């Protein structure tokens, strides 16, 4: 008996929406439906989709049984991007928005979300005072496709991809976005709404959430207080219940309002990382950081049955993180089925009242984008048989006539083929073709239209002659165009341009008198009936005359190239270079320095094994050793 599964929310930074399909188990079927089934999720929040509007495809949008909402970058190509997929059979949002500030507008509208009618707003938009510390305007903060917000009757779901710490030039944008996110969450909770915040926050809460935190603190001689006091961590920890905050809290952040669900189920678990550096192959040694979260408001603290990471699922430099709801949740002092509050009226008492329909689509749904609106996936096309329209049935007679004519031509072609095989002599004889000046009226109109490119051919004698022409005798199309060869001798003869008068007479053959056409065709077809063996002597004599004989004089040869020496020289130049071996007696791998400085761009060799849990090169262990050789210093001597 299949185990009952509660409603599950999964967040995953996929590092490119198609990236997982290059790994197992996703590569088996390469469909989003199969991916979501393996994840066992009902709501999937993806980050770093790395696509633009023009890159959307049917398999991304028209996923059978799913709806999807995108936030895509406005300017940068292949950058950022958030998508939320919802399973139609269990949930349907009642409102949807793009962006964290509410400054963006719905599709086909010039009115921003925050200026829409109140009954159409999700609410909680950051005020000008809350954004006053940021030098960037709201439109800039929402221009990179980093947030999608859905509202269900149960809660408001915020799917987000926060900016990472790259360099100082992005600090203003990063802190401005985090401040806007913190304000939006707090405003929604203050308005009486429950909130789930999920996605890649690009922040490690505490030292336990980063493999290199302890090492860095030891190097710098600092304590854990300094680690949690960076501006971004301070904002997150002030938002979370139990977050470590050094000193007085900031204005407007006097109390925590959210709960880290995964850490609540695993309070002391170490190594619970969700992201690893691919360049150093740090995932096998689990040298990473926890920067992906599922957070909920405090009034939802007891709504969840489980939460964990799925570090065994490959496909990105991040792993999925999920949270599972209980079947029954407590709201307003009473217990209710979670399905009853995941849509407007699809369920009551946990029993389905109606199916999801197109009326449940919201204006921001990707299915309403003009390229995909009122379209179906291939699976849907075959699941329901389309009804036959009246206009289609009225044209059935014409289609029937066309099919009958096509079938008649196919039968004649098979008959000619069998005759040619039984009588090879007849198949090699030239045939005279009687080409009428007008098509016969007895043929169906559809057939005349089909053969409009050959108005001079009849469907009896002409069709048979063309079939026999394939055996190497005569082809009217080739004879008229002057292409190809008429006999083996013609292969060795130089091509001579035909007089224009002759070309015109052949080109207009269909418009001349039938007797003249027959005579012309008979003359031209006689070129192809010469015996092949009889023309071999002449062909060889012509071939021998093409290349005049000339006595070779070695004294005129200025340079002699030794092929053996040339081969060895090219082998040294293009051959595979011998790479050094590390302390494990294994071939090293080549990398390029990307760190700014005098060595930027230089290539070097190092151990190919992954970093160990310590994050350092180790000696005498199964992890990466300390072998390091500049490529310019390596002589290629494998000794």
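The backbone N, Cα and C atoms fix where each Cβ goes, glycine too.
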Correct range for region 'Disordered' (source TrEMBL, candidates 383-402, 403-422, 523-542, 543-562): 383-402
Cα proximity to residue 292 (site 'Important for catalytic activity'), best match among binding-site residues 200, 202, 317, 318: 200
Residue 202 (Mg(2+) binding site) CB neighbourhood, other CB atoms within 10 A: 20
Lowest local Cβ density (other Cβ within 10 Å) among binding-site residues: 200, 317: 317
For the Mg(2+) site built from 13, 48, 200, 202, 317, 318, further residues of that chain with CB within 8 A of the site's CB center: 15, 47, 161, 275, 291, 292, 316
